[in-house]
Amino acid sequence: MSQTVLGIIYFVAFSHALMLAISLWKKASNANSDTAKWLSIVCFIVCYKLFEGGALYLGLYTHLAHLMDLLPGEVLLIGPLVFVYISVMVGEEKPKPLSLALHFIPAISLWCYNAPSVFQSFDAKINMWQFVLTQTEPRILPLKFVFLFLAIKTHLSIYLYLSWQHIKTFENVCNTLRADNSAAVLKQLKFLVVSLFALELVWVGLFIAQQFFAVGTLALVSDVWLLFVALIVLAIGYVALQKTDLLLNKEEHALIQQNVTLQNEESSNIKYFHSALSEEQSNHLAKHLEQQIKSKQLFLNDKLTLTMLAHETDIKAHTLSQVINQSMNTNFYKLINGYRIQHATSLIEDTSLHWPLERIAFESGFANRVTFSKAFKEVMGQTASEYKKQMRQAG
């Protein structure tokens, strides 16, 4: 691939990353939530590196040299930022300023180490970028720099692993708290974090092959990494834009942590030991719960969560979870979506209505058509389209 084409690709990706970063920041500001701002900062960092690559390959470095190489070791920033974003998203407390600063000590240290290169003269910077651009032969780095680069990648991998653990934990129990597509979104985020981790393994493989077996060049290794990391971060950003209300509150977080702790106990009988209900009490609460859901039509709220339902029914959240799981033999996701599907079927069967399925989904409390279709198939054993066609034929 020619350098000009690669430069154009970088600038196109730069423009998309910039728009995404700004959109995420604005959405976070409008929602009075700092959660998406952490991800928008990651997008801004990737955006800058794409700008740097585009400026290099299109020859603009001769005019923009002082705007380049200002962010060495960006990976040391991306790891902590992604980790903090995911931690806050799943309900963890936002790190205190001092604790947060500790995460960025490696990045600050590397920036200080590289400061002479950052602040060198304009001509010196142009010469440096010309050297990088004309480097076509394999370049073997001193061993200390090889270990430094591998240590930087290890640093990112640790943060990605911790992020993946957070997502996996919350994805596994999200259906006990929510009746939307939160679990699916968490699964997407987990996949993207794992993809980023896999990309780091590819980079390490290419880098070792280049350094010890003279396969390819350093520029090739960097180009492959930057293009794919841009794609992954953009994908994460689009998911965040689509589902900005995924943030789990403190009460949900506490319930999940309690659930995980109890699941790790040796005896399964200890699960509800501290809040045990008699069968009579449990059945009474189950009837009260059903009556409240139906009379208030709480299931029509597409943002309904276990904690919101607890407040509406005056039942403590952990007790409500016990009643749903033990007495009603289901989980929150299936319970609420069961009521929604009942409502949807009544709308489909109403011959005076001629609504498309998408509107029926929204009118029944579903936030999107995908979740509606999945829930309908689970409850009815057939798709909404098939059921609608069947009703028409019967009528």
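Note: Cβ is positioned from N, Cα and C throughout, glycine not excepted.
In TrEMBL, annotation is done automatically, which means it is predicted and not curated.
Database features (TrEMBL):
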TRANSMEM  6-26  transmembrane segment
TRANSMEM  38-58  transmembrane segment
TRANSMEM  70-88  transmembrane segment
TRANSMEM  100-119  transmembrane segment
TRANSMEM  139-162  transmembrane segment
TRANSMEM  191-212  transmembrane segment
TRANSMEM  224-241  transmembrane segment
DOMAIN    283-390  domain 'HTH araC/xylS-type'
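Highlighted: of the candidate stretches 38-58, 70-88, 100-119, 139-162, 191-212, 38-58 has the greatest count of Cβ pairs under 8 Å to the transmembrane segment (6-26). When Cβ-Cβ distances under 8 Å to the transmembrane segment (100-119) are tallied for each of 38-58, 70-88, 139-162, the top count falls to 70-88.
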